[in-house]
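Trainee: Here's a structure for you.
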Amino acid sequence: MSTIQPSAAFLYDRVQRLIPPIEWPAFAGDIDAILDLKRQRNAVILAHNYQTPEIFHCVADIVGDSLALARKAMSTEADVIVLAGVHFMAETAKLLNPQKTVLIPDLRAGCSLADSITAEDIRLLRQRYPGVPVVTYVNTSAEVKAESDICCTSGNAKAIVESLGVPRVIMLPDEYLAENIAAQTDVEIIAWKGHCEVHERFTPADIRQLRENHPGVIVLAHPECPPDVVAEADFSGSTAAMSDYVERQKPPRVVLLTECSMSDNVALQHPELEFIRPCNLCPHMKRITLANIRSALEQNRHVVTIEPGIAGRARLAVERMLAV
């Protein structure tokens, strides 16, 4: 273990099942620097479940799905928030912490869902469906949130839709999430045509092949997957719900139909279980690295700003969600 740098060595135990000792020195220097920079700047790192293990397990202070990160962002006492995730997540953290410095390590960390709809699209939808509330997935820009009545995540979408007490809602931008929620509620849902480039690639045939190759495997699917995939799965839920399912049920053999690193991170927490790992990478999440987290903290790079008129309205939509 002589290759392990001393001050980061205690963290290696968390990831040694995935990162060979020979590779650790490539990470350890950045990890040491990040830990020091966090102390110097009173900074906190919020990391989404899709971040790679060396980020998720070694430098992150708060981890979780979009809903968990939004809630935790509200209560942090740090002066600086680094969002190890994609841009809409950093914007949400800024909306909830307007007086704090929020950094995103790479400005190119976008989202296919967020790119699928604009504020003008929502204004046109409101003209077409006057009086129908707009429920917007948090996987959207601040401009889109500002045109919405309330936000939701994959973990609370059904509760949000039903909390409005109306017979019909517009739910955007994820078409598959909207269809999967529509199957669980009597509320009529008008959907948009956005898709997650990770989850839309899973198919029912994939599940059948997994079951054939790995008898007894329990299949967990994210609700951004197509409805026919969700129907073939044993369970569907947000990344937090999938993690909770594994923790609670302890399936001996399990597959998570979501982004690759989610399986890596949960598997590290459950070495007694067998994880089958079909790998659909999110290229946007993978733009976040230890090196650019370090640079963001060292140079105060990529400060997230939101135009005040947009921020106030977008914040209201997020706060309404958090109040449900």
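Quick reminder: no glycine exception, Cβ is built from N, Cα and C everywhere.
These figures come from a predicted structure and were not determined experimentally.
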Trainee: Out of His48, His57, His214, which does Swiss-Prot tie to the same iminosuccinate site as Ser66, Tyr137, Val138, Asn139, Ser154, His222, Pro223, Glu224, Thr239?
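Mentor: Matched candidate out of His48, His57, His214, per Swiss-Prot for iminosuccinate with Ser66, Tyr137, Val138, Asn139, Ser154, His222, Pro223, Glu224, Thr239: His48.
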Trainee: Based on Cα distances to Cys111 ([4Fe-4S] cluster binding site), point out the closest of the binding-site residues His48, Tyr137, Asn139, His222, Glu224.
Mentor: Asn139
Trainee: For the C-alpha pair, I'd like the distance in angstrom between Cys282 ([4Fe-4S] cluster binding site) and His48 (iminosuccinate binding site), rounded off.
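Mentor: Cα-Cα distance, Cys282 ([4Fe-4S] cluster binding site) to His48 (iminosuccinate binding site): 12 Å.
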Trainee: So which binding-site residues are near Cys196 ([4Fe-4S] cluster binding site), with CA atoms within 10 Å, out of His48, Tyr137, Glu224?
Mentor: Glu224
Trainee: Restricting to the same chain and to sequence separations of six or more, state which residues have a Cβ under 8 Å from that of Tyr137 (iminosuccinate binding site).
Mentor: Leu113, Cys151, Cys152, Thr153, Ser154, Ala157, Met171, Leu172, Pro173, Asp174, Leu177
Trainee: Relative to the mean position of the Cβ atoms of Cys111, Cys196, Cys282, the recorded [4Fe-4S] cluster site, which additional same-chain residues have Cβ within 8 Å?
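Mentor: In sequence order, the nearby non-listed residues are Val86, Ser112, Leu113, Asn139, Glu197, Val198, His199, Glu259, His284, Met285.
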Trainee: Counting Cβ atoms within 10 Å of each candidate's own Cβ, which of the binding-site residues Cys111, Cys196, Cys282 comes out highest?
Mentor: Cys196
